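Copied over from TrEMBL:
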- 6-39: transmembrane segment (TRANSMEM)
- 51-72: transmembrane segment (TRANSMEM)
- 92-113: transmembrane segment (TRANSMEM)
- 133-153: transmembrane segment (TRANSMEM)
- 186-210: transmembrane segment (TRANSMEM)
- 239-262: transmembrane segment (TRANSMEM)
- 268-289: transmembrane segment (TRANSMEM)
Amino acid sequence: SEQFNVSSYAATVVAIVTLEAFAGMWINAFIVSMICMSWIKKKTLNSNEKILLVLGFSRFGYLCIAWLYSFLSIIYPQSLFVYHIYQLIESAGSFFNCSHLWVSACLCVFYCIKIANFSNSFFISLKGKIDRIVPCLLLGSLLFSLVVGILVYDVTDKVLCKNRNLTSQGIIWKASIRIDEHFFPIYFIVGFFFATSFIIVTFSALLLLFSLWRHKRNMQTNSMKDLSMDAHIKAMKSILSFLVMYSINFMGLIFILVYLMRNKNEEIFLIYLIQYAFPGVHSLILIFSNPKLEKTMLRILPFVKSKFCMK
């Protein structure tokens, strides 16, 4: 009976992770394909499209690795103890995870600088240069993420080397590695970069909120209609959605660290289910906050629905 319950639980987790991952991959693949088509037509991309393109790629890669790791760890855990397999999965997952979080933070910074209005000379100068700064921000985010991926690979490899129990073929690793010892350095590294991006998003949201409050006060004082008010509100909604999801993810990371030290694997997988929903749900919000992407999505959805109904 207990074995049946474990099998049922594992099957449920795999089914939910698969649904979340493939839905998120489809959503981000849609963003990437639409922007690539626009790139081919216009021969150029604006700053917002550049960020969304890199963000879509990062989230697609993250969801692929997340699904692969969840599937193997539940259905075929022995495969993770083959030399270098686990290190590569952890390293790639950390790279894509950090890159999509940092690129999301770049998008928040871009919205804040582009839309917020402050009389500060530095901010005005930054507003004029933001389109030239965006490629540097994206490149920096990817380089930081690459460093995290390399550090995670190195830490994972060292921990496994201390705990390996080689077979006659020399490729199978000891399965009884303490999970807290195994994961804590990795989550500490990822958590540091996660916390930094979370602070950036929070700071951008506060600046934009302050700018929105000033606009609203000026409108009431001068009794005039400000055309930038709608842009402020749309950007604020998008950044607030970032902030809410970042907060949920950040709390999830803390709970994972706590449960790892207590070896409560079932609770960890439940938190992972929440975290894996983030890249798809937030990308969907970005689609419906972009008129072009929203229009195309609403045209495609009935077609996809009819295809599935016919099957």
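Cβ atoms are placed via backbone N, Cα and C, with glycine included.
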*Any chance the transmembrane segment (186-210) and the transmembrane segment (268-289) are in contact, meaning at least three CB pairs closer than 8 A with a sequence separation of 6+?*
no
*Positions whose Cβ lies under 8 angstroms from the transmembrane segment (92-113), at least six residues beyond its ends*: 47-48, 51-52, 54-55, 58-59, 61-62, 65-66, 69, 123, 126-127, 130, 134, 137-138, 141-142, 144-146, 148-149, 152, 186, 189-190, 193-194, 197, 200-201, 204-205, 207-208, 235, 238-239, 242, 246, 249, 279, 282
